[in-house]
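Taken straight from Swiss-Prot:
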ACT_SITE  180  active site, thioimidate intermediate
BINDING   209-232  NADP(+) binding site
């Protein structure tokens, strides 16, 4: 048993960050930008690469406005055309791939057509796998210039192995998301200790980590940064917007949009190996407003951390308060 697992387990609602002396007059002085790969983005936030969160139209808007994105892989036949379309618009292309045999043919097709995406994400529920490692090696051999993220994982050992195989970043989180029921269906995952898993993985990581899942409040973004995340992947909080995929549904005068997990019945089209669920999320208006609010709250986090940029958050102290911070507020 690795001694990392002797650490106390905790999650986002169990932690409060401790303020430092402020050095800015206004939070507007605080810089939230982050370099990821060869590009710098406005905030360390990326919408989940789920079919109910992102589509081509939203990907274009995000790239045009300085945000990172990862296109989902659930319409595989459209990916090459998507890369071509983004490049023709002068935008970066960021795609997802799996590990099935035909994905190797897809990589070969991209090389043959000279359609190399700037970012590629190997998107597998259990990313600590010999097949993921094989795919990492293949992609880095065929497309050495693509910035390659691999995941998802839960342990320091997994981070080490994927990095050693050639991954440029690793995605941490197995089943903590709102629409994911892996923890209930299988008994495995980081649900309830996602933040502790991130902390453990950051102890050994030599390359960037993406915290994926379990984000419920904007303050959780700052907590993710404190415990080692370079980027924070968010699903349910970035679903339900005007630009989001999914049908608009009205119930008792209230407006909702559909949101579903990537291994749900909706996604799979049949009841088989289901580890996700469908739900309704409140309609939230424009995603631009939500992303701006996330930026402003993160600026406030930086000011509380006593700094001017995200690095200051990584140095603050924290206390474990075990589910008392909500104090009936939510």
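Every residue number used here counts from 1 along the chain in the order it is shown.
Including glycine, each Cβ sits where the backbone N, Cα and C put it.
Within 10 Å of its Cβ, the residue among the binding-site residues 209, 218, 227 with the fewest other Cβ atoms is 218. Under the three-state DSSP scheme, residue 209 (NADP(+) binding site) falls in the strand class.
Candidate binding-site residues: 224, 230. Fewest other C-beta atoms within 10 angstroms, 230.
A helical conformation is recorded for residue 221 (NADP(+) binding site) in the three-state DSSP classification.
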